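Annotated in TrEMBL:
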- 1-16: signal peptide (SIGNAL)
- 99-185: domain 'Ig-like' (DOMAIN)
- 204-285: domain 'Ig-like' (DOMAIN)
- 312-375: domain 'Ig-like' (DOMAIN)
- 381-468: domain 'Ig-like' (DOMAIN)
- 472-559: domain 'Ig-like' (DOMAIN)
- 572-670: domain 'Fibronectin type-III' (DOMAIN)
- 675-772: domain 'Fibronectin type-III' (DOMAIN)
- 777-871: domain 'Fibronectin type-III' (DOMAIN)
- 856-879: region 'Disordered' (REGION)
- 872-967: domain 'Fibronectin type-III' (DOMAIN)
Amino acid sequence: MSTLWALFLLPKTTVCIMKRFVIWKHDSDEYLCLCVLLYRWKVDGREIDMDLNYNLVEGNLLINNPHATHHGGVYQCIATNTFGTILSREAKVQFAYLQNFSRKPRNTVSVREGQAVVLLCGPPPHNGEIKYSWVFNGRPSFLLQDTRRFVSQRTGNLYIAKVEASDVGNYTCVVRNMMTNATVYSSPTPVELRRDAVMAEYEPKIEVQFPERLHVTKGSSVKLECFALGNPVPAITWRRTDGNPLPGKMKINHSNGVLEIPYFRPEDAGAYECVAENSRGKNIAKGQLIFQSMITLKDAHMAIEANLQWECRASGKPKPVYRWLKNGEPLVLEDRILLEGGRLAISRINLLDSGMYQCLAENEHGAIYASAELKVVASAPDFSKSLVKKSMLIQRGGEVIMECRPHASPRASISWRRGGEFLKDSRRRTIMEDGTLRITNISKSDGGRYTCVARNPFGTSSSTGTLVVKEPTKITVPPLSVDATVGQSIVLPCEVSRDSSLDPTFKWFFNGKLIDFNKQDHIEMIGGESAGDLMVRNIQLKHSGKYVCMVHTVVDSVSAAADLIVRGPPGAPEGLMVGEITDSSAQLSWGSGPDNHSPVTTYSIQARTPFSIGWQAVRTVPDSVPGQMFHATVIDLNPWVDYEFRVVASNNVGVGEPSMQSKQIRTKAAVPEVAPGNVSGGGGSRGELVIQWEPIPEELQNGEEFGYIVAFRSLGTTTWKQTVLPSPDASRYTFRNDSIPPLSQFEVKVGVYNNEGEGPSSHVVVVYSAEEEPSIAPSRVLARTLSASEIEVYWEPIPQTASSGKIIGYEVLCWEEGVQESDAEMVKVTDTVALLSGLMGSTLYLISVRAQNSAGAGPSSPAVNVTTKKPPPSQPPGNIEWNLTNSKIFLKWEHVKAMGNESEVTGYKVVYRQNWLGKSSVVETNRTSVELQVPSGEDYLIEIKVLSGGGDGSSSGPIRIPKMSSKRLLFLSFTIHRMNFWVSKVP
């Protein structure tokens, strides 16, 4: 069973279909109307009688047990209500079928390898949508399509772009009806391969292509086919000829042979190209997709005797023909009715012209409809929705427009009266064509009640309003244009005279934009009821512009404007360029920036190098660059240095922002101009002459391959010895000759050079050669042991005559018995006593001393023997007990007994401090208890150590004693044993 149904809505009605009733609310009515909507159906122009085969269900036509013989045809619905009648679009009912293929055998197709082939399907008679497929050699699955094989859904043919040996076999065309699901198979078409030759390569030939022009309706789906034959197999691509990208919703199948655009929209319209390309060339197919717009009409509610015009336009190929219907019937032409193409014009409409109108556009492909209602209105004048304004305030000397626009059909004639006197046009009063009353140059005597009277053939009506005349508002103290300097504060006045009954509102505009005072930091409005002065504090350049004071009342508006010119430091110069560059100068040019209303007086130039701290002022020619000059030469630059420049403008207000820095440039190289400074020397080992100087900074080296030339000669001789040091970082040179006597005098100078040549040399200075090491060893060396880890050493200093130079210190050597002296530990001191620490207990050490000057160390003294004491006891004090009462701490512990290899216990050391960060105090005792006097109210940390001849022994570890409360007496005792704590508290 199949069902055909249609639903129609009357224009400008709110429709709800419910058991064939329509509830609607008309635009010009304020009541609801319930009216019956009647439906009828026609088939092939004959009206259908409802019987067992046809049923009407809420306007829809239901066909029971449809049969091709009795129920095929063209159907149309007719809908009628009190407004008129309209027709639906025609609907054609057809019954799907699919006949069998002819069983006649098909001819064999012979083809060369590399050649293309097209196998024809030739579908049998059918109706309804069908789908084409092909089967190869009777296999159960359909032949897969790819870039080489394509099945057209328009013709059903199979296209093979380039035949291969594997294509030999039998091909069967399969046709399926998508509505009935019936499927039929053709006779096989054999394909065999010719062996006489192989097909050469050739350019693509497009065999399947889409129409040149295709009209597409909104929302429909478009499928364009394109496939090419060729050797090699052509590649298929798609594009739009206008250069726009393909729609994102577009779909392309695996072989690229089908382009599908679903849900067609106006923006999808345009020219499309299919490009087939291989190594031998390419071919292009083009087509135009044209958006087929639907025709629409708007309802017309018009006054009687008015003129109606409707325009109906549709696109299509061939060009559509137009017909007009009224209430479902062809429109009867009269002298008042004109039809021209799709245009309908009716002059001087009357009540009988009311009804439902339809425009029908049709061509050989079908027809489309557009519907609209014409409602002709005839009524007396009515002011209920457009009363004359009840009260109109206007300033004296002004102008008033009183509108009178009643609803009337036909249009009403308008007259005005003031009180009981009808008004006529005069020099100041005019009744305009649309009924509006205009009064100019109003005076106090024009105040009063005005009535508009409207008449037409169906009646008369009137509406009254009152005109109130007020004194005009005037700005008595307007703002004046002002020049100001950045940082100043000004007030722009704005005072008015006004009607005493009106309250003015002040608004200020800056460069055409309303000033929001809530968002301003510098601007505020001040003044009383009749003043709205504007104060601008700490003026900035951005405040320069046009200011408008606007005063509003309910009657009028007045304004006054003033210009504020803000003078400030100049803006940044522009377009800085670097011209000719030498080793010490550079030519600069630039353009002027904004002068900010104060002419530029001078320009200054700044430079920056990798060696400078920020930007520095540089010398120029001319020395002072005037504001009218836009070029200068920078001088006194260092050769072979990277520079950046910028220009700063100044005027009478101040110094402006700098320009953008120039691109980095490098000055040309030159011979060095600066000699090394602070040349000195001395020291070193015997037979050496050490020369030192301060190296030349990189920015003063003036070129590449920079180095030093060191020259020296014995005092009193004439011949200089020279050496070249090619390192720019060098600051020291040592000349070695064992024949040089100690402390010999030499004249020394240091020069500079680079790849441009030699520069100046330093002043000649006298430098002494190295000293001779001390010749004797220290005498009367004594050593005594202080503890298990410390030894103190004493000796007599060597006489000054034993050294050619100054003694700068002594080296103390210490090594264990059995160890080589070369492996000894060394301690350097400047005095004649040394403390050796970190030694091992109960160990024999050998100790010697030697003197040292700048030339080196002298001979060592004979070694002396000394043995360190036994190490201190390793056992810490244990079983520590403490009591806290008032401000006293009582401590007690067990005596520590030294082991046989440890020093005897000589006493104990108690270290205590407040908290962790407090200053420590020490108490020593030879007993195993102690009493500490401490202030109350603080925590204390206490440690107990063993004292012995070998030094301090192990510590008990920190013991924390908490502070004592001042409100009650506490007695706390702790016993420590193997890190376990016991606490007792007595209230």
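Note that Cβ sites are derived from N, Cα and C of the backbone, with glycine treated the same way.
Broken down with DSSP, the domain 'Ig-like' (204-285) shows 3 helix, 45 strand, 34 coil.
With helix defined as DSSP H, G or I and strand as E or B, the domain 'Fibronectin type-III' (675-772) counts 3 helix, 49 strand, 46 coil. Counting residue by residue with DSSP, the domain 'Ig-like' (381-468) contains 3 helix, 46 strand, 39 coil. Regional average pLDDT for the domain 'Ig-like' (204-285) in the model is 88.
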